[in-house]
Amino acid sequence: MQFAVESWIWYTFAMGIIVARLISRTLLFKSPKGLQYDDWLMGLFVSSCYTVLIVMSNIEARSHSNLLPPGFDINSLTPQEKADREYGSKIVVVVEQMQIAVIWACKACLLILYHRLTHMVAAKENIAIRMLAAYVALGFVVMEILYFAAWCRPFSQYWAVPTKSPQCNALIDHRITNAVFNISSDIVMLCIALPMFIRSLLPLKRKLILCGIFGLGIFVILASILNKYYSFTNPYSSDWIFWYARESSTAILVANLPFTWTLLRKLFNLGAF
């Protein structure tokens, strides 16, 4: 119940900010036809994957999986209980993939934004953004190849009860790989963005607003760190699912808040940013 309440509150805020972004961008371009590909990526792909993530996470929170603690007597499970745990383990696979899809798509949308901001006026930062984009893409490809083809073979072991390897239920190596690429790319993104905004010619008040919005990326990093911390220190607990919802939701907020200014101007009669 606690997870259901928290996750749907996060969902309401995150989807609300996506809708606000799309309305704001439509007002800016005078028509939905003017929406750019990152708007469609956020409005269609991210919102769909995020919805599946929250729905499946709530199902998983009420289910059991093949994540059995050491010493668990597998013979104590009835055939129906084994079948229920297999089903729960399949849900975990879906949740993991939707989480990856949401986080990496949000990174892509932010990188597109940074590219637009830098490609005409900040050559060094633009080169850094392109290199970071290549690193983010490489991380996604490597992580997915390892998840589907290396860590747990055959793939059906991800939902077998019991599994032959702890890599198939605790996902230790996969989560280490995810943490390395995820956290490092977020830190580099912040290190590129914040100095760029600080050096800009915007008034101090608006610099602080921008730095505050993108500074929320620190919470995304913190959520990712805590997610992995609980996964590694207590791999047989369900605490990780709370941090999946928190990390993905905050990533969506950070990736969309900068695009809501046009709507805020209309609602509160504000000036151009």
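A Cβ is built for glycine as well, from the same backbone N, Cα and C atoms used for every other residue.
Unlike curated entries, TrEMBL annotations are predicted automatically.
Features reported for this protein in TrEMBL:
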type	residues	note
TRANSMEM	7-28	transmembrane segment
DOMAIN	21-266	domain 'Rhodopsin'
TRANSMEM	40-59	transmembrane segment
TRANSMEM	98-115	transmembrane segment
TRANSMEM	127-150	transmembrane segment
TRANSMEM	179-197	transmembrane segment
TRANSMEM	209-230	transmembrane segment
TRANSMEM	250-268	transmembrane segment
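Tertiary proximity for the transmembrane segment (98-115) is limited to same-chain residues at least six positions away from its ends with a CB under 8 Å from its CB atoms, namely 37-38, 41-42, 45-46, 49-50, 52-53, 56, 125-126, 129-130, 132-133, 136, 140, 143-144, 178, 182, 185-186, 189, 192-193, 244, 247-248, 251-252, 254-255, 258. Residues 34-36, 39, 42-43, 46-47, 50-51, 54, 57-58, 245-246, 248-249, 252-253, 256-257, 259-264, 266 of the same chain lie 6+ residues outside the transmembrane segment (7-28) yet bring a C-beta within less than 8 angstroms of a C-beta in it. Tertiary proximity for the transmembrane segment (179-197) is limited to same-chain residues at least six positions away from its ends with a CB under 8 Å from its CB atoms, namely 103, 107, 110-111, 114, 117-118, 122, 125, 128-129, 132, 135-136, 139-140, 142-143, 207, 210-211, 214-215, 217-218, 220-221, 224-225, 228.
For the domain 'Rhodopsin' (21-266), the model's pLDDT averages out at 87.
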